[in-house]
Amino acid sequence: MAASMCDVFSFCVGVADRARGSVEVRYVDSIKGKGLFATQLIRKGETIFIERPLVAAQFLWNALYQYRACDHCLRALEKAEENAQRLTGKPSQILPHPELCSVRKDLHQNCPHCQVMYCSAECRLAAAEQYHQILCPGPSHDPRHPLNKLQEAWRSVHYPPETASIMLMARMVATVKQAKDKDHWVRLFNHFCSRTANQEQAIVHKLLKGKFKDQLELLLGLFKEALYEEALSLWFTPEGFRSLFALVGTNGQGIGTSSLSQWVHACDALELTPQDREQLDTFIDQLYKDIEAATGEFLNCEGSGLFVLQSCCNHSCVPNAETSFPENNFVLHVTALEDIKPGEEICISYLDCCQRERSRHSRHKILRENYLFNCSCPKCLAEADDPNVTSEEEEEEDEEEGEPEDAELGDEMTDV
């Protein structure tokens, strides 16, 4: 059973009533599935809705490499200066205006049993109440613990740049296991789109690469050992486990947090003399050059989450709304990029800014590989007669990876 319309808004926060009054979820057609539509005029720059995820989890390699984040909400735990020191590889790196760092270490708390860290007592209690009682391994760091074996197996088959985590699936199961009203949570998770068997296989192949059938069988065995739940018995069959992978692979919204970026934004808001502004901007530019030289592109604490209302937003290469995480945790904001009229569909982009500037052929390649659909937004329709050309680098990637086999492609996005 799909989630009710009431359930769709149940994780909205802050302006939840505003969201109910300004948007609605409609069934579009058999290709697009659901979509989110404005019911009143939404002005450019307005926050359309703010939403918490059903579940979220930090990527496992990201956590292993000491990107320290709250185990529940993914808020960055390092002070901005500590963050800069680690990313530049310079223990003596000093930041000006340290008072602009928003990290409150005095509020941090850890689980008294397994010692995972939280940004606050509220997050520690929220995790314990929702899923952590099931997932807490206790004081033992025994690599033979079922959850430790599961995480190690995942890291061995899914390398950076990461796009999903087996622990997001684990938290889904643990949430249902701990819940008094199990049907409520199953209904919420069933809200996310379903795929055909061939589409699911293509998504699993994308996530696991290589001998994905053997890897999927290994992960399923460890998943059963660690988390089996009778109420979710279908998820523990080969077909159900593959469906769970496809759900997470196509519906997981990436989350990124950084105490350093928060500090930079605070610096941008300072009222300074032109000379001081130039000096500070030069310092920050050099800092990011040093970070790029030492660390490359991996700057943030990274993870993913499942958002019910946001998942109703379909894709467009010319979106009229965007997602962001301005609170430096897993709370998602959807903001209008232009005026949106009543009855108009609210679309976000699943591509980043650079990807959206690529050719139609390149955009479709990315969307097919990651979401199994061909876009028919106004930009793609306008470029339909353009030649199918792409860069030499992408052609080399095509030769190395190949296109997903047996994937059934939709003409448009389906509820991701």
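Cβ atoms here come from the backbone N, Cα and C positions, even for glycine.
Here's what Swiss-Prot has on this protein:
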BINDING   TYR350  S-adenosyl-L-methionine binding site
DOMAIN    21-351  domain 'SET'
REGION    383-416  region 'Disordered'
ZN_FING   98-136  zinc finger
Exercise. Specify the secondary structure state of the residue listed as 'S-adenosyl-L-methionine binding site' as given by DSSP, simplified to three classes.
Key: coil
Quiz prompt | For the zinc finger (98-136), the number of residues DSSP places in helix, strand and coil | solution = 21 helix, 4 strand, 14 coil
Quiz prompt | Around the Cβ of TYR350 (S-adenosyl-L-methionine binding site), the count of other Cβ atoms that are within 10 Å | solution = 26
Exercise. Could you tell me the mean pLDDT over the domain 'SET' (21-351), as a whole number?
Key: 93
